[in-house]
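Colleague: Dumping the structure here so I can ask a few things about it.
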C-alpha cells in the first residue's frame, strides 16, 4: 500500500515541532525580548517555523536512513546555534554575529567566563535530540525509505514560502522598514527569528565586504562636510594646558559610574577615586559607546573618535584599514606611544590593530612576570600590573602617549580572599554580589599606581586620564541592580547605567582648580578633549567627537544600539524619555530633532570603516591643497 505523504515525513514533522517549541522556550527564558502586544507575541511564536520547515525539509531530497540521519544532524546543529547564542547573551546581552565568530583567537582566554555562563539546565536542550534518536532506532514506523515525489516536494516548499512571507508581512506591518534596522538585533530576532537573523547577518557581511572594493575618494565628501559642519571650537582658555606632557590613559575594566561616591554596608566602594576626582576634571555625564567589541571597541573609540561597528569588533573585521589614530597624530609632535596590557598579544587582534594605529610598542603578557600567585581570573592582578607597568614606563622615551588596560574587574569578578577589601553584596545575582569587591580592589590598585608615579618622577609632567571601558553588569541582573539602587530599572534607567567614569587629572592645574563637567558626552569625545589640552590642532582630522571642556559642545551622545542622550531627553527602545524625570514623553518632537543626527553619525562612521575611506584622506587633502594654490596663482595673475 502506497504511503501517504504525511506518513513519509512524520519523523521530520516531529523534529520540526520539538525544535519549534524548544526555540520558543529559549526565547522566553533566555533572551530578554520586549513584547508590547499580542501581535508581537504571535510573531515571536511563529517566526522560527519557516526556517525550520526549510532546513529540515531538505531531507526530502534524501532516501532511506540518510533522511533521518540528516534530520538528527540538523537538530544537533540548530541546538548548538541556540546554545551558543544563549551563552553569549548571558554576558553580552546580545546575539552572535558572523564577525564575532571570527574572533577565535579570543576563545582560549575566555576560560572561566564560559564555564560560569553555562548552566545545568542547558542540558535540557538535548532532550528532543534524544527523543529523535530513540524514535529512529526503536520505532520502525519512523524509518520510511520511500522517497517523496517531485509534486510532493514542490507543494511542501510552496507551503514553506507562504509561511515565510506571511511572517515577514506581519512583521513589516508591525514594524515598517524592519530590514533597514540592522543595528537593532533584538528587533530582528523578535520579528524574523534567531535563525533567519543569522542568514540576514550573512547577507550583510557579504554586502559590507564589497564596500571597500567599491569605495573611492569621492565617498569622503559627504563625511567631510558633516564633520566640518558639526565641529565645535575647542576651549581656547585651556588649549595647550598640558602641552608637552606625557599621557597616561588607564582603561578601567567594566567600571560603571554608579559605584562612584557610593557606599556598600557603610563603606565607600571607590574611596580613592572619590578623592581623586576632587582634584581633577570630573566628567559625570559620559557614556560608553561600545558594541560587541567591548574593551577593544573602547580603545578604538578613544584613539580614533569614530564609532565602533554595530556587528563584531573593528579590531577583527578591519585591522588592516588605514586610520588617523591618536598615536599617529601625536607622533608629529614628538610623542612615543605604547600600550601596556598583561594579556596575549593576539587577544582582540591587538598586535595587528596597534600597528594600524601607529603605536611604537606593545608590552603584552611576555613583558610581565605572571605567576599563579599574582594572577586571578583573567590574568595578572591590577596591583601587580601597575607595579610592573610603572617599571616599564620609566624607560619610555618622553613625551609618551600610553594606555594601560586593567584586568581584575572582569567578569566573572573572581578575587582572592586576601585581596577582598569590602564584603560582597547580598542579592540573587552572584555577578553583582562579586562585582563590588573587584571594583574596590581596582580602586586600591589605582591609589598605589598614582603613588608609584610620584615616586618614579612621572607624575608631575603627565596628564592622567581614567575612563571606564564598558558596562560590567548587564541588564540580566536588573532585579538585583534595582535592589541595590533602590529603584526599578526601567529602559530609561538602563541607559543611565551606561555612564562610565571619565577623569582627567593634570598635576599643578586640576588640583588647584578642579571642575565637575556635566556636559553630555561619550567616549568619542575623549580624543578631541585630550588633544585640545595638549595643544594639538585637530581641525583637519575626521572625528565625530568634540571637546567636552568647550562651552559650544552640544549636549548629545549616541550609543551603538541607536539610543541617544541629550540634556533634555533620552531615546531608547523606540521611546522618548524626559531626562530629568525619567518618564516617557507622549510628545516625541524633542527626540525626533536628534534622531536623524544619531542615525547619520553611526552610518557615516560605518562607511569610513567598511570602505577604508581614510586611505584616501591624505591624498584628498593634497589634491585640495594643490587646487587652492592653483586658484591663488590664477587670482594673482588676473
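Cβ coordinates come from backbone N, Cα and C, glycine included.
According to Swiss-Prot, the protein has these features:
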type	residues	note
TOPO_DOM	1-4	topological domain 'Cytoplasmic'
TRANSMEM	5-25	transmembrane segment
TOPO_DOM	26-41	topological domain 'Extracellular'
TRANSMEM	42-62	transmembrane segment
TOPO_DOM	63-70	topological domain 'Cytoplasmic'
TRANSMEM	71-91	transmembrane segment
TOPO_DOM	92-116	topological domain 'Extracellular'
TRANSMEM	117-137	transmembrane segment
TOPO_DOM	138-153	topological domain 'Cytoplasmic'
TRANSMEM	154-174	transmembrane segment
TOPO_DOM	175-638	topological domain 'Extracellular'
BINDING	253, 295, 469, 470	Mn(2+) binding site
ACT_SITE	295	active site
BINDING	410	substrate binding site
Colleague: State the Cα to Cα distance, in Å, between residue 469 (Mn(2+) binding site) and residue 410 (substrate binding site), rounded to an integer.
Modeller: 11
Colleague: Does residue 470 (Mn(2+) binding site) have same-chain partners at least 6 apart in sequence with Cβ under 8 Å from its own Cβ, and which are they?
Modeller: 254, 288, 290, 294, 295, 297, 298, 500
Colleague: Residue list, the topological domain 'Extracellular' (26-41) vs rest of chain: Cβ under 8 Å, 6 or more residues beyond ends.
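Modeller: 82, 85-86, 89-90, 93, 125, 170, 174, 186, 189-190, 194, 475-476, 573.
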Colleague: Honestly, do the transmembrane segment (154-174) and the transmembrane segment (71-91) touch, with at least three Cβ pairs under 8 Å and pairs 6 or more apart in sequence?
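Modeller: Contact between the transmembrane segment (71-91) and the transmembrane segment (154-174): absent, because fewer than 3 Cβ pairs are under 8 Å.
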Colleague: Can you give me the Cα-Cα distance between residue 253 (Mn(2+) binding site) and residue 410 (substrate binding site) in Å, rounded to a whole number?
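Modeller: The Cα atom of residue 253 (Mn(2+) binding site) is 6 Å away from the Cα atom of residue 410 (substrate binding site).
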Colleague: Quick one: give me the count of other CB atoms within 10 A of the CB of the residue listed as 'substrate binding site'.
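Modeller: 21, counting other Cβ atoms within 10 Å of the residue listed as 'substrate binding site'.
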Colleague: When DSSP states are folded down to helix, strand and coil, where does the residue listed as 'substrate binding site' land?
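Modeller: Going by the DSSP assignment, the residue listed as 'substrate binding site' belongs to neither helix nor strand, so it counts as coil.
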Colleague: Starting from the Cβ centroid of 253, 295, 469, 470, the recorded Mn(2+) site, name every other residue in that chain with its Cβ within 8 Å, sequence order please.
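Modeller: These residues sit around the Mn(2+) site: 251, 252, 254, 255, 288, 290, 294, 298, 405, 410, 468.
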Colleague: Taking DSSP as the reference, which of helix, strand or coil describes residue 470 (Mn(2+) binding site)?
Modeller: coil
Colleague: Over the topological domain 'Cytoplasmic' (138-153), what does the predicted model average in pLDDT?
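Modeller: Mean pLDDT across the topological domain 'Cytoplasmic' (138-153) comes out at 74.
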